[in-house]
Amino acid sequence: MDLNLIKEIVILCMFLIVLFCVLLPLKFTSTAHESGVDLYHSDRYAAVVSILNCFAAGIFLGTCLLHLFPDVRDSVGQAMQIVDPDQKFPFAEFTIAMGFFFLLTIEQIISDSRERDFRVLSSERQPILGDESGGVIADDTPSEIVNHGQNATIRAFAMIFALSIHSTFEGIAIGVQSTVENVLQITGALIIHKIVIAFSLGLTLSQSPLRPVKAGICGLIFALTSPLGIAIGLWITHLESLNGSLVVGSLQGMAAGTFLYVTFLEVLPHEFRSGHLHLPKLLSLLIGFAVICGVIFMFPD
């Protein structure tokens, strides 16, 4: 069968599969809300969502440590060998740290800006909020709520950005293959990997403050990235040049740093701060990590 035809079929199949897996959690959440069920304030559903969050964290952690890190080292290492073979500076790890600090800086700048806005608003409302003895009733709750919602939105967009970069380059890896056998082998491994990644992203979007339509558009954008990468790969003969290796490695490193930030500073502290379901959450986290371990073990290439 014609190689280009196979790649075009792969483009369509991967798009439909990823889009379905991203939209499934969004549809489930929307249906629950329409039926009057508050998933995030009902004890039963909140427990399920927390456990699934930990599963997603395990997926992202495994993707970062076992998949992105090696890719970053390979891409950056190839480029640095050309630039300066004796260079000892850990440039690959540096790009990962930059991704971590980039997201941390953005969230802290916006949080600080929001805090200032609410301090001004609170000072203007002091006469209204004063109690009978002339004191002022402290009310920091609105600020906390808005900051939490703003940060959740940033995290959702950051995850889409990071996953989209990685997904595009995965697609390029398929597009540049020269045999049908290689295309099918890589595609099979990527589909298994992307099913769990897409579901985890859909779960993150379903809990963000984004409206369902905007969340669906974000899912659509992510679903298009692998097909876009495959299409680009059809016109690329190689990515082993100095510039190509540096660009791929740097973007992959930024994506890995984003995964680390979201996993260790956002998802896990939030989920393990509550006083219940610690062991089920831990088990779910380990299962998520084990899924990625299994996929990479079975499909190391």
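Note that Cβ sites are derived from N, Cα and C of the backbone, with glycine treated the same way.
Remote same-chain partners of the transmembrane segment (6-24), defined as residues 6 or more beyond its termini with a Cβ less than 8 Å from a stretch Cβ, comprise 171, 174-175, 180, 183-184, 187, 190-191, 194-195, 198-199, 201-202, 205, 216, 219-220, 222-224, 226-227, 230-231, 233-234. Taken from TrEMBL, the feature transmembrane segment covers 6-24 (among others).
What TrEMBL lists as transmembrane segment is 45-69 (among others).
What TrEMBL records for 89-106 (among others) is transmembrane segment.
The transmembrane segment annotation in TrEMBL covers 156-177 (among others).
Annotated transmembrane segment per TrEMBL: 183-205 (among others), in sequence order.
Residues or ranges marked as transmembrane segment by TrEMBL: 217-236 (among others).
Residues or ranges marked as transmembrane segment by TrEMBL: 242-262 (among others).
Sequence annotations record features per position, and here TrEMBL assigns transmembrane segment to 282-299 (among others).
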Taking the transmembrane segment (45-69) as the first stretch and the transmembrane segment (282-299) as the second, find out whether 3 or more Cβ pairs fall under 8 Å, excluding pairs closer than 6 in sequence. yes
Which residues of the chain, 6 or more past the ends of the transmembrane segment (217-236), have a CB below 8 A from one of its CBs? 4, 7, 10-12, 14-15, 18-19, 22-23, 26, 156-157, 160, 163-164, 167-177, 190, 194, 198, 201-202, 205, 210
